[in-house]
Structures are given as structure tokens and as C-alpha cells.
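Taken straight from Swiss-Prot:
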BINDING   75-80, 109-113, 133-134, K146, K155, 173-176  NAD(+) binding site
BINDING   E188, H251, H267  Zn(2+) binding site
Amino acid sequence: MNTSSTVIKVTGESAANNYDVVVGRGLLGTLPEILGERVRRVLVIHPRALRLTGDTVRDDLESAGFTALTAEIPDAEEGKHIQVAAFCWQVLGQNDFTRSDAIVAVGGGAVTDLAGFVAATWLRGVKVIHMPTSLLGMVDASVGGKTGINTAEGKNLVGAFHPPAAVLADLDTLDTLPRNELISGMAEVVKCGFIADPAILELVEKDFAAVTDPRSETLRELIERAIAVKAKVVSEDLKESGLREILNYGHTLGHAIELVERYSWRHGAAVSVGMMFAAELARSVGRLSDADADRHRSILEGLGLPVTYRRDRWQGLLDGMRRDKKSRGDLLRFVVLDGVAKPGILDVPDTSLLFAAYQEVAS
């Protein structure tokens, strides 16, 4: 087993926004060194399910001389609400956190989204370090500086761009991750393959079992490749003014499914259906070949991810898609493919086109 660490660099609009994503094993103990000497107080934000891990990180920081506290938040999307952010702000205020102090996020993508938002807004910005413990968190949410919380109107509608000081992707944390969470995270991995790195798709197709084995070198390579794709994109376009939109492949319908399901669906499962829909949409307008569209289905189904959704939910999905951040006026905008690793944008003024494409994924 590879015991060394891989460092993937993310560059920002200035040197102050540059940071490293470290992928390896046994990384939890490196946190004190990364925090540095100026930091005195650290708030460790973690979900209920990771109470023991959060306490371990806190104790390690205390042993290293920091004043460390924990803030336990609800699991998954339930933690991404303004009331939860307000609770974290209260903890920071009551313990006199200053701009030279720091927040550490320990958990999946929802935790890094929430913790990043709290860090971006407390005193207009304090240091945050992400320690993702899920596959989805490692390859997507923790990298790129996007933070956000949900509202009743949609997902991630309130947020800020706030790059982390570092990301520690400790592969040891995947050993106890439930298999369905690994499978969900693979949706974001193969997304990176479809939009930018065909080698990801080839690795998946070669051995479907290995890609969901937390101890396999195949999974590690997939994680590093997916992070590298995202790092390259966000280094060129931090604030989603153009290129970064391609990372939303599958997310327009995916976020709408999450909204309709009141976040009971896993993010990766929703994005999987969203990618299948985007492939059918691109096929219907002649931009994606039959072979590439069918490849979506075979890869996603091979991983155990869903590729269909309920036929009777179309109107709710359409309403949800109209709230998508990529929309411009009355135009719905979709990231589509003109081929593998050839992403583009499709503006759709006529919803009948969307309805027809949806029939190909409706069940």
C-alpha cells in the first residue's frame, strides 16, 4: 500500500489564496503544523456521527498547545441551515475568536460547506482547514472555496467564496465509510471523468469492484485525478464566472431532485440522474453521440448509481431547475457534453425540449 502523501496545489487570485490538498494516510496528526504559530483558538465543527473523531482532533490540538473547542452539528444536509450557522457564530463569539484564529471542518461535504460559510462570515473571514471524511467531501465540496447553506427555496442559495488554508484528505477515514456513501461519492468522481479526464472513466470500467474498495490503489488514483481536475478548474476560475460552470455537470437536475426530495436523496445519487438527463438532452439536440450517452448509463449503473427518477415529479423538478444559479433571466442553462472531456453550455428557452429529454430518464 502506498504510504506516501500526494500534494495537489490550488492557486488563487493572489498568493494568499493558494493552498495544498494533501492526499494520504495518517494525516490527522499533521493539523497542528498546518495551523501555524499565530493561531491560538480552534473551533472543530463536526456532525453528530463523527463525535469521536471530532473529540480526537480537539484533544490532539489541546495537546499541541491550542485552545480547542468542538461544535456538533446535525448530520448531512440538516446541518446546512442558517440556525446552525448562527449556533457556530455564537460559539465563536462567546469564546472571543479573532481573525488570527481558525475553524477546522471534520466531516463530509455538508460539513465543509457549512464550516466554510461560518469561516467566511465570521469577522468577514477567518482561516478554515477542511478534513473531509467522505469520498464526496474529498473530491468535491472541500476543494474550491465554495461555501453555502440551504434555504427553503433551494440548495446552496446563500454562500460565499472562501478558499481554505489547506485540505487534508486522509484516506484512513474511508475505511469505515458506509458502502452506499462511497458509491454516492463516485458520482462526483466520474463527473470529472466525463468533463475532463477520460482516464477516470477507463479506470472505473476496468474494475467496478476496485473503485469502491477503500483500500485499493485504484480508488486512490481516482481520488487524486478527480481532485486534480477540480484544482485546475478552480485555479483558473475561482468565482464561477465561466469555466468553473463545467463542474456543475449533472447538478441542474440533481439539485432539483434534492429539493423535491427534501434532501432525503444522497447528493451523488441525484447528480447521477442529473448527468444521465444532461446526456439525453445533449443527445436530443445532436451534440452528444449515442455511444457517449449510452456510456453514461453503463458506467453509472455499473457503480450502482440511479439513472432514473419519478415520472410524476416533472413540474416540481422544472420549478427547482428555474432556481438554478446558472439561469439567466428566463433561460435555463445546462452544462452538456459535445463528447467526453468536451463540456459546453446549452441555453434552453423551450421547456418542451427538457420534457422530452426527461422522458428518457423517467420511471
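Glycine too: its Cβ is placed from the backbone N, Cα and C atoms.
Quantities reported herein were computed from a predicted structural model and do not represent experimental measurements.
Structure coloured by features recorded in Swiss-Prot.
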{"residue": "D75", "record": "NAD(+) binding site", "DSSP (3 states)": "coil"}
{"residue": "G109", "record": "NAD(+) binding site", "DSSP (3 states)": "helix"}
{"residue": "S134", "record": "NAD(+) binding site", "DSSP (3 states)": "coil"}
{"residue": "T173", "record": "NAD(+) binding site", "DSSP (3 states)": "helix"}
{"residue": "E188", "record": "Zn(2+) binding site", "DSSP (3 states)": "helix"}
{"residue": "H251", "record": "Zn(2+) binding site", "DSSP (3 states)": "helix"}
{"residue": "H267", "record": "Zn(2+) binding site", "DSSP (3 states)": "helix"}
Chain-mates of E188, H251, H267 with C-beta within 8 Å of site centroid, Zn(2+):
L136, D140, A187, K191, G250, G254, G268, A270, V271, G274
So among T112, S134, T176, all listed as binding-site residues, which is physically nearest to E188 (Zn(2+) binding site)? Use the C-alpha atoms.
S134
So if I measure Cβ to Cβ from D75 (NAD(+) binding site) and keep only same-chain residues at least 6 apart in sequence, which ones fall under 8 Å?
P47, R48, A49, A110
Could you tell me which of these binding-site residues, T112, S134, T173, T176, has the fewest other Cβ atoms within 10 Å of its Cβ?
T176
Reported as an integer number of Å, what is the Cα distance between T173 (NAD(+) binding site) and H267 (Zn(2+) binding site)?
19
Around the Cβ of E188 (Zn(2+) binding site), how many other Cβ atoms lie within 10 Å? Please give the count over every shown protein chain.
26
Just give me the nearest neighbour of H267 (Zn(2+) binding site) among the binding-site residues E78, G109, T112, S134, T176, Cα to Cα.
G109
Including all protein chains displayed, how many Cβ atoms other than that of E78 (NAD(+) binding site) lie within 10 Å of its Cβ?
14
In whole Å, how far does the CA atom of T112 (NAD(+) binding site) lie from that of H251 (Zn(2+) binding site)?
18
